[in-house]
Amino acid sequence: MTTTTELTISLSTTIWCSIKPILKIYLIILSGYFLGKKQVLNNNTIKDLSSMIIYFLLPCLIFNKIITNITINELKQITIILLSSLILYTGSLIYGIILNLICFVPSNFFGGFLVVCMFQSVSDFPIAYIQTLADKSDADNNYLIFNEIQADKGIAYICIFMAILTFMMFNFGGYKLIELDFKNNQGKKTTDIEQLDKNSSNNAQKLTITIKVAKTIKHFFFNFLHPVSISLIISFIFALVPYLRGLFVYDPSLNIKNAPDKNPPLNFLVDFSAYVGSSQVPLGLTLLGATLSKLKIKNLDKKFLLTCIIMTIIKLVIMPIIGIAWVKKLVQLNWIMTNTDEKVLAFVIILGFGLPSFTAQVYLTALYSHKIKITQEGQNKIEIESQDGQCNKISTYDIDSNNSFQMDCLAVCLLIEYPVLFISMPSIVTYTLKMVLLL
């Protein structure tokens, strides 16, 4: 680890560097909003593109960032990020539950609201900030804040945060909270579902504890078959085993025969994943804008708007203060040395405490909202696809409101967050650079 030369920058430069990434991100979101209003991105298109992101683009992005930036030498940093994530997610879960208890949250958005509180968009925003702060600042090619090595390390640390979020969301069943809302919705809005599933419910109550435990274990391991989880596991195996990593990324300490282009033999997979994965961030933000364009606030209780405002203040104002206090404690304990390349680790951790809600929740909500299909059999009926692939038919169900309600609730949360984010994020970055990193 090398000690870096401290570079003092003006306050105006710091503020501009803090705002510039937000401007780029908001331009993409506004473009998606315009395309959504013009019906270029309609509901079906959003659903299909969401599937493509989850099953193709996001796994490629994870593979590329982890395999190129994570090594076995990052164990200390990984441990610090794990502890930081524990504090972040535990605190977020606690205030999410408290808000559900003392504030108004629609019963069929209980799980979705917890996901809004708990999980952050740990890829788009921090990567944009790291890349912007690593730009050349003048004609002498001096770096603005972070040099190229520090920027690469910063992206690597972001990937670790992304890995933790992915495990919690997909492998440990965080997405089930979103699914729970649609199950509750089906149970409340159908008049004859209780009679239809009476026998199956009685049979379910007769399951023994052993069978239930076995089923839980089965679902836990089944979640590892998700493309995102598979990509994550494979990437970490290759990244943490030096010889395997050397097949993808050049390592002068390894004696591995290169391909004719002087690159490692499997480097073409890194190029492929980088080329494909790079489209995930702008496409995801575009879909976010398109989703916001379909918001219908008139369908929601005004008391829920107040809940969202309180949630936003906690998420984007109070949680970053906790993150700053945590990083200062780490610096005091000499776990993080801000006069070395580890200063980017401190920056990434604080940034992680001030991020908006998980963007991929938009894709997951869109996927679940389209699992209900209309069939024409004399009168309109609905087929609800169960996990075993079978369909239960339920009559007289308003599919339009079912498809839009959870998305509207989520969009309200995001719509309130992003104007606040435009002020909170630059403020956090400016304070961190000046008062924590002492630049």
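Cβ coordinates are placed from backbone N, Cα and C, and glycine is handled just like the others.
All annotation found in TrEMBL is predicted automatically rather than curated by experts.
What TrEMBL annotates here:
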type	residues	note
TRANSMEM	13-36	transmembrane segment
TRANSMEM	52-72	transmembrane segment
TRANSMEM	78-102	transmembrane segment
TRANSMEM	154-178	transmembrane segment
TRANSMEM	220-244	transmembrane segment
TRANSMEM	272-292	transmembrane segment
TRANSMEM	304-324	transmembrane segment
TRANSMEM	344-364	transmembrane segment
TRANSMEM	409-433	transmembrane segment
Q: Report, as numbers and ranges, which residues of the same chain sit near the transmembrane segment (154-178): CB under 8 Å and 6 or more residues beyond its ends.
A: 62, 65-66, 69-70, 74, 77-78, 81-82, 85, 89, 110-112, 114-115, 118-120, 122-123, 126-127, 130-131, 134, 146, 219-220, 223-224, 226, 228-229, 232, 236, 344-345, 347-349, 352, 358, 360-361, 364-365, 368, 406
Q. Do at least three CB pairs under 8 A connect the transmembrane segment (304-324) and the transmembrane segment (220-244), leaving out pairs fewer than 6 apart in sequence?
A. no
Q.
Please report, as numbers and ranges, the same-chain residues at least 6 past the borders of the transmembrane segment (78-102) whose CB is under 8 Å from any CB of it.
A. 110, 113-114, 116-120, 157, 160-161, 164-165, 168, 307, 310-311, 314-315, 319, 322-323, 326, 330, 335-336, 345, 349, 352-353
Q | Same-chain residues at least 6 beyond the ends of the transmembrane segment (409-433) whose Cβ lies under 8 Å from its Cβ atoms | A | 9, 11, 14-15, 17-19, 22, 26, 29, 106, 109, 112-113, 116, 125, 129, 145, 288, 291-292, 294-295, 297, 300, 304-305, 308-309, 311-313, 315-317, 320, 324, 346-347, 350-351, 354, 356-357, 361-362, 365, 439
Q | Positions whose Cβ lies under 8 angstroms from the transmembrane segment (272-292), at least six residues beyond its ends | A | 25, 28-36, 41, 46, 49-50, 53, 56-58, 60-65, 67-68, 123-124, 127-128, 359-360, 362-363, 366, 407, 410-411, 414-415
